[in-house]
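Quick look at what TrEMBL annotates:
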type	residues	note
COMPBIAS	1-14	compositional bias 'Polar residues'
REGION	1-60	region 'Disordered'
REPEAT	192-224	repeat 'ANK'
REPEAT	225-257	repeat 'ANK'
REPEAT	257-289	repeat 'ANK'
REPEAT	291-323	repeat 'ANK'
REPEAT	356-388	repeat 'ANK'
REPEAT	389-421	repeat 'ANK'
REPEAT	424-456	repeat 'ANK'
REPEAT	491-523	repeat 'ANK'
REPEAT	524-556	repeat 'ANK'
REPEAT	557-589	repeat 'ANK'
REPEAT	590-622	repeat 'ANK'
REPEAT	623-655	repeat 'ANK'
Amino acid sequence: MSSTPPSIDDNQAQGPRERVEQVMPLEPQADGQPPSQVAALDPSGSDTCLPDENVDTQSATRSRLVREASNGRTEIVKQLLDEGASVHERDPELGKAIEAATLSGHIDTMRLLCEAGASVDDEYPGGQTILHMAVKLGDPGLVTLLIKSGASVLKPNNSNETPLTNAIDTGSVEMVARLLEHGADAETSSEEPLRPLVRAVSHGNLRIIELLVKHGWELDTKDEIGRTTLCVAVSAGRLDIVRYLIDSGVGLEDTTDGMTALHHAAKYGNPSIADLLIGKGANIEAVDGDELRTPFYLAIEYGNPAIAEYFLEQGANMAARNSNGYCALHLVASREPYMVDFLLRHGANMEDVAADGLTALGIAAAKGNIKTLELLLNAGADIDSFGGVNSTVLHAAARRGQLEVVRVLLDAGADIELARNTERPYTALGVAASSGRLDVVKLLLERGANLAASQDQDGFTPLHIACRDDMIEVVKLLLETGAQVDVLDNDGWTPLHVAARNDNDAIIRLLMAYWADPYLTCDDNLTPLAYAVRHDQRLAVRALVECGADCNLGSPGEFTALSLAARHGYSQTLELLIELGASIELLDARGESPLITAANYGHLETAEILLQKGAHVNWEDYDGWTPLAIAARRGYGELVRLLLERGADQSIKKKQGASCSFSVIHRAICVGHVDVVRQLSDATDGQEPPMDTLGRSPLCFAVSHGRHAVVRLLLEREGHQASLQDIYGSTPLGIAIRIGYESVARLLFNATKPSLDAEDLLGKSLRWWLSTVATPSMQELFENLEQGAGDAGSESEGNDEGGGMRAHCDICLMRIMRDQPRHHCDACLEADFDACLRCIELGGKCLDESHKLIYYDSSPRKN
């Protein structure tokens, strides 16, 4: 059993006695017994006049005091108090005597208990005090007594309401006056500043409002939630209070959430108040903050035709729009037709287009509002008007699946093939197919919609659209109705291409069941399988192959499906194709195997899968490139490591015609991939370096291309290459001197300390080349090097990074300018052998002395 005393319910419909009897039924008083004997009754209510010796007489007396107070037996309460009962004791069910008397509404008993010293500031459920309860009983005298007994007029309950607010709710002017006289004014109130005043305004009690104003409350202000007193009065329909507030100087255009008093009059439909406000100067076209609604707009929105008509009589703008670009007619087009009828009778423009491209008819159609739709059509609305940006009313209904609206529009003569959008000229069937509105599609087909009508600039048909938007039930219906399964768009796409691009395996299987051709290619020469692979759509790949598509065919005459997966690095798709039977050795049009393609694009994981499945690691394409040579040329270090681990042969040379070939490491050096060169060098540790057709070592290649970092690496690992000569007797240092790579020349000289007087096969020494063709700065460098002054700069890489050889003499490797004469051989080096005049004069030859050299004054070769 709870010891918490009961509280007063503001909305209680029962009387005080009934409220108490719900807590504890009261026994009738024993007839003819004096009060002292009544006080001695035991709790069971027996007729025993004297208590049993085991009964706690004091406890029974305390309990009886509360019971008698609750029952309003004032004389008995007085006698019990005289006999020593304490007003502070609590009954476990009814609480203290003062509370029990208050709950039961026994004012005389409450007065007696107050005079006896009962506590009046205790809190009860909801934070209420006895004063809160007494105010609700409506006895000013009792309120005065409680205040005199020490009850606080300022103490709020849990809702932050003081007794003053409760008194305002009762409407008792006298009660309010008593509380104000005893300190409940605006300066001392603990409530939100405007709560008592707003409450009085809401109740429409002018005398109380005047009392509050007299005691410090200000009229022209807002409460804690932003409401002005004027807006509250208007919302409550208090005409006399509205007049009083305006006459007292409250601002007409002050707002609550952006709404003026006139907006509130429109919202709550009070023409009398609106007339008063406009008569006092309220702005009839004021807008409510960011939403931009006028009072007329609000009257329409809340369905108040009387005040809307009044506003029109006062000159309100019927076409005013809110922040969404809707006028009043657009707003109500989706609702019951009575407000639409009102606006039409007053001249609203049915063809006015909203910001989203909809007319009123389009809005009604989109929302499925048949009654409003028919009303607008009967009033003459254009049936083919805008139902959205670049669409008709029929489009709007079809897009939203409003079947009955579509039926009404078609019955009324809507153009079933009309398309307003020039870029995407969807018909109603295209719109319904895109949105998956199966019932609407069926109805449109029954009414003769064109199955093959082009729906956009790409030439998509409704079947293409349904496949694109994954509407399988629509696809099935279109096919059953006779749609051509292999219909082409402007780019040669079939519906199967579209489904493959979208990875919709269910639609693919459905199309294939209707004999869709998986080998048709679009304008890009791609089959549906190729499109699926290109976009890594594995569900589509499986569906196509399982339904009969050749797993090897990607782009006829160009590449296989597996090569396409390897090109894009789609490892999972690649594995799936192999699982489905694709050949890992089938070549594309350029002779590339899938592994070569993976190497060309640097896809490590893809290459590893192909190697695990048995791909030939040394396969050469039509130009003689192996996967390793390609990976080295591209600088794919990790891929080079993988290929070497799997047995790739770097000695295989890329052949150029019958007379020239380059090893893998030569190719890596050409583009300066140091890490790749390091790996290739590690793999051939201890072996003789590979030479190209002209007898040039990897170090020669690095020097001729100005690859300083590679030169340093090779000198550290294979320093003996510095003394190797090509077929013309040139050393790497001689090449560096002639080309002009100073930092490389310094590095080579410091590493080898060669004699500058040793001659090459043309009979010329390094010193001769220095004096004849070297730049002044190169000559100065070697003067310092010979004197031992150049060592300090040997670690500098300088600016010799070449980026590849330009047009040059194949004997001395010096550059030949475009307009310089040269000798040329059409047989050597794939008809790419050139020699400068100096080298020919010194006795230089091409690779075969029997070849006849051709003299050119100038040539664009190699430039």
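Positions of Cβ are set from backbone N, Cα and C atoms, glycine also.
All TrEMBL annotations are machine predictions without curation.
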* Who are the long-range neighbours of the repeat 'ANK' (389-421) in its own chain, taking Cβ under 8 Å and residues 6 or more past its ends? -> 356-359, 361-362, 364-368, 370, 373-374, 377, 383, 427-432, 434-435, 437, 439-440, 443-444, 447-450, 453, 455
* Take every residue in the repeat 'ANK' (192-224), average their pLDDT values, and give the whole-number result. => 85
* Asked: For the repeat 'ANK' (623-655), DSSP counts of helix, strand and coil?
  -> 17 helix, 2 strand, 14 coil
* **Within-chain partners of the repeat 'ANK' (557-589) [C-beta distance under 8 Å, separation at least 6 from its ends]** => 525, 529-530, 533-534, 536-538, 541-542, 545-546, 551, 595, 597-598, 600-601, 603, 605-607, 609-610, 613-616, 619, 621
* To do: Write out how many residues of the repeat 'ANK' (590-622) are helix, how many strand and how many coil, based on DSSP.
  => 16 helix, 0 strand, 17 coil
* Asked: Counting by DSSP, what is the helix, strand and coil composition of the repeat 'ANK' (192-224)?
  -> 18 helix, 1 strand, 14 coil
